[in-house]
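As annotated by TrEMBL, domain 'ABC transmembrane type-1' applies to A:92-308. As annotated by TrEMBL, transmembrane segment applies to A:26-50, A:97-120, A:132-152, A:182-206, A:235-255, A:287-311.
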Amino acid sequence: MTVTTQKGDAIKTGLARPDRSQWDRLGPLSAILSFRWILVAFVLILWFVYYPIIDNFVVSTKNQDIFTGETSFVGLDNYRRLQGDPVVWTAIVNNTLYAVISVVFQVFGAFVLAALIEGLSEERWRRFWRAVYFVPSAISITVTGLLFYFIYQPDIGLLDSALTHIGLSDWSRAWLGEEQTAIYAIIAMSQWQGFGYSTLLFAIAIQKIPRELYDAAIMDGAGIWRRLWNITFPLTREMTGLMVIVTITGAFQVFNEVMVMTGGGPNNSSQVLGTWLYQQGFIENDFGYGAAIASVIFVITLMTGFAQLWYTKRRRVEL
Amino acid sequence: MKATMFLSTTSLSSLIAAALLMGSVGAGSAAEPAVADPDAKVDYSGTISVLTKFGLQQLSPFFTDAAKQYEKLHPGVKVELIQESDDSVKGKTKALVASNSLPDVYFTWTGSWGENFVRGKRAVDLTPVIGPDTEWGKTLAPAAVSAFQYGGKLYGIPLYLDAKFMGYNKSLFKKAGVAEPKTFEDLLSACAALKKSGVTPVSFGNKEGWPGVHYAGQLLAYNVPQATLEKDFVPATAEYTDPGYVASLKQFKQIVDECSDGSGTNGASYASALQQFSNGKSAMYYQEIIEFDQATADGALKREDFGFFKLPVPKDAKGDVKAIEGAPEGYMINTASKNIPLAIDFMRFVTSAENGKVLSAPPYGQPSATVGGYSADSMNPAVVDGLKVIADSSYLMPWLDTANPPRVAAAWLSGLQALVGGSMTPDEVMERVKEAAASSK
C-alpha cells in the first residue's frame, strides 16, 4: 500500500500492484486482443450515447414541424432565443438552487451523518441507522412525489397540520401552489429522498479508513472534530469529489421530481431545464428549441464534471 | 436527489434526437393524402393498432371489450390497444408522430389539435364514408361529425360528446339554504352562503393548468363574440384585443377568490378536487359531462344528490350567452395504415348503436355521438339532462388549449395559473397571450 501526501511523497507500505509484465510482452497484440472484449460495448455506447449527443446539437440548429415533417435550418437562432427566454433563466436559477442545497445536504450533511453513524461503537446500531436513512432512497420517485403531494396539501396536509399544532399556523400555506415556495418544496422532498443514499456511500468510504489512524490520533489527544477534519475528511476526499459531481450534474438533470409534483408550475415558477425542455419539445412541438436547451444542460454538466475531476485529482490521497 | 434517475435529461435529449432521427427518415416517404373508398372490400386479416384516451381504470374495459368482440366476429383480425389517459395522450401521440409510428386508429380532439394531423397528411379523408348522406354518416350526430371538418372535408369519427357543467351537491345547497344559481351574481352569493355553512363552495384543482383554462373558456364564450373568438384562434388573424377577454378573466378571478380555496388551488390536482366533491367536502365542482358518473361512483355523494347547471352568464355579457364549452372527441384513421378499410370497419363497429349504449351507460357515462346510441333507461339521468342542454346550445366553444396553437395554449395555461396565484393581473395575462399569438404567426 502507498500513501501519497499532498506534497507528492510516496510511502511504500508493502502491498505491490499486480504484475503486468506478461501482458506487456505481447505488445500491440495485447491491445488488439483486449479491445475485442469491449468492442460490442463500445459500439453500443457510440450509437446510443455519443451519437444522440452529436445529433442533438444538429437538431438544435433546425426547426421541425413533427406533423408535416418539414425541417428548416435556423443556425444558432434557437440559442439566441434562449438568452431572451425568461423561463430559461428561472430554470437555471432553480437548477442552481437545487445544486447548492443538494451539495450542502447530500454531500456535507451526509458526510457528517455518516461519520457520526460509523463512530458508533456497536455494529447493530450502525446497521440500524444506515437502514433508517437509506429507506427513503428505495422508494420510487412517483410514490415519493405522491406522498409529498399529500404532505404539502394546504390545511389538511401533514406539514400544515404540524405547523398548526405547534402554534405556527401563520406559516401554513399551499407549498406547491405558490410561486415563491413550489421549487423549495420540491427540493426539500428531494433531500429527504437522496440524503440516505449519500450517507450510505460515505459510510462505505469511511469504513475503508484504517482504524489504526483513529487510534493513533486518539492517543495523541485528538478530539472527535479534529479526527473528522484531519483523518476522515482527507481520506474520503475522492468520494466527496465524486458525490459533488454526481449531485451537481444530477441537479441540472432533474426532471421526475418536478414533473410529478408541479409540472413546472405554478406559472413556470418551478421549471427546471429538464421540464422546460420537455414542455418545448413534447407540448409546444418545438423540438429544435428543446434540443438547444438539452445542449445547454449537457455543456453545464460536462463542465462541472471536468472541473470537479481536475480538482479531486490534484488533492488525491491514496492509501 | 438520487444519483440515478428514472428519466434523466440526457435520456430526454436522446429521446428527442432518436424521435427526430426516425422522423427525418420517415420524412423521405412523407405521408400521402388518402381518401376513404366506400366500395373498398374489407380484408379481415392482420393487426390494427388503436390509440385511445380510455387509459383510466374505469374506462379502459370499453375498448378492451369492443376489441375482443370484434376479434370474435373476425377471427383473422388482431386489435392492439394503446390506452392512454387524458393527461398522457398528448405526449404519447406526439412521440408516435415524431417517430412515424402513429397507429392505424388514433384519438383526437377537435380544433387545432385535429388540424395538425390533416396538415401533416396523417388523417384519411373520410368524407365519402362518413358524410351526411352516407350510410354510416346517418347514424352519427351531424354536429359531432362536422366538428372534425377541415377545408370542407371530414376527417374524424366522433365517439362521444363532451361539455362542461358545474356539478353541485343538492344536500349541501339545501343545508346552506342556497338555490341553484341562475346568474353569475347568484353564484357568488351562493358561494358566500356556502362558506358560512362551513363547506368549500367550489373544489378547484389547477395544478395541471387546464382546469382554469376551462373556466376561462366558458366565460370567453359568454363575453367575446363567436366570430372574434374564431378569428383569434387562427395565428394569422389573432389579435386578442376584444375587451371581453379581460372581463372574462376578472370574472374567473372572482370565482377563484370568492368560491374556491384561492391561490392554493394551483397546488391541488384536478383529480383531488373531484375527490373532494365526491366525498361531500365541497358543494360544487366544474366538470365535464363525461365525469358525471365518476363524481357519484363511490364517494359520499349519492346520484340523487347530484345536480348540475351551466356556468351562469355574467351581467352585460357581449358574446353568445347560449354557448357551452365543449366538443365531441373522436378518432382519425392513419393515412399510413396498411389496411385502411379494416381500420374504418373497426370504428364503424365501435360506433354502433349497441356499443354506443354501453358507452353512454355507467360506469363509462360517455354520451355517445351515435344517433340512438344511448338509452335514457340505462343512463345516469343527469347525463341525459346534460345532453339536452348541449342540444339546446347555440355554439360549442372548443377547449382553449386545443383550439389554439401550442405556444398560445401554453401562455393561457401559465398565465391563468399566475392569475390564480395573484402574480399577474387579467391585463398582464392577455399581454402574454398576445405575445404568444404574435410569435406563432
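Glycine is no exception: its Cβ is also placed from the backbone N, Cα and C atoms.
Contact check: the transmembrane segment (A:97-120) against the transmembrane segment (A:287-311) gives fewer than three Cβ pairs closer than 8 Å, residues 6 or more apart, which falls short of the contact criterion.
Counting Cβ pairs under 8 Å to the transmembrane segment (A:182-206), the stretch among A:26-50, A:132-152, A:235-255, A:287-311 with the most such contacts is A:132-152. With a cut-off of 8 Å between Cβ atoms, the residues of this chain six or more beyond the transmembrane segment (A:235-255) that come close are 95-96, 98-99, 102-103, 106-107, 110-111, 190, 198, 201-202, 204-206, 208-209, 213, 272-275, 278, 297, 300-301, 304-305, 308-309, 311-312, 315-317, 319.
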